[in-house]
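One structure is given here, and the rest of the page talks about it.
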Amino acid sequence: MVRGKIEIKKIENVTSRQVTFSKRRSGLFKKAHELSVLCDAQVAAMIFSQKGRLYEFASSDIRNTIKRYAEYKREYFVAETHPIEQYVQGLKKEMVTMVKKIEVLEVHNRKMMGQSLDSCSVKELSEIATQIEKSLHMVRLRKAKLYEDELQKLKAKERQLKDERVRLSLKKTIYTHLCQVGERPMGMPSGSKEKEDVETDLFIGFLKNRP
């Protein structure tokens, strides 16, 4: 008699479900044992029932099998990590490196400011003093350069003012000379010449229409 195909779905009847679980579990463990013997494979199987009870089978020590599985999965996931995850991991490592560099620079900066020197040796203090002297020398050179540039600007401004003064003085001399010889300087308004004769009449009495 040929068995009919069983629909794979949850068995609603509790008794039938427990019977099926027991039979299928035994069959699964039997197949696992046969596979380990026939193929010389390391096989392990674990099943938790609906109530949480553990059933297990292992062709060798199950703890060694689980440990081997964990090591394999860790190597597998590291090798198959998504490119974005790899990028994020790289950023995290870079961030840790940068934080350490910042901490080192902050310590160095405090020492350059004369702070946290208790842990410094004589050699370290000598190196710090040398660096400070070099930095101070560079600051003084830069300061002198800025003073020199400012002085050059002031000298250029002074020459410009002197040239303007000479130009105004020459213009004044020409103007005075022209006035002395009786010529009207260019640009001088015509009202500055001798007043032209204007006919005027003096009339005493009532106003009448004049011819």
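Just so you know, glycine gets a Cβ as well, placed from its N, Cα and C.
Mean model confidence of the coiled coil (144-171) amounts to 92 (pLDDT, 0 to 100 scale). Positions annotated as coiled coil by TrEMBL: 144-171.
The annotation domain 'MADS-box' is assigned in TrEMBL to 1-61.
According to TrEMBL, the domain 'K-box' annotation covers 88-187.
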Secondary structure composition of the domain 'MADS-box' (1-61) [DSSP: H/G/I, E/B, coil]: 26 helix, 10 strand, 25 coil
Helix-strand-coil residue split for the domain 'K-box' (88-187), DSSP-based: 84 helix, 0 strand, 16 coil
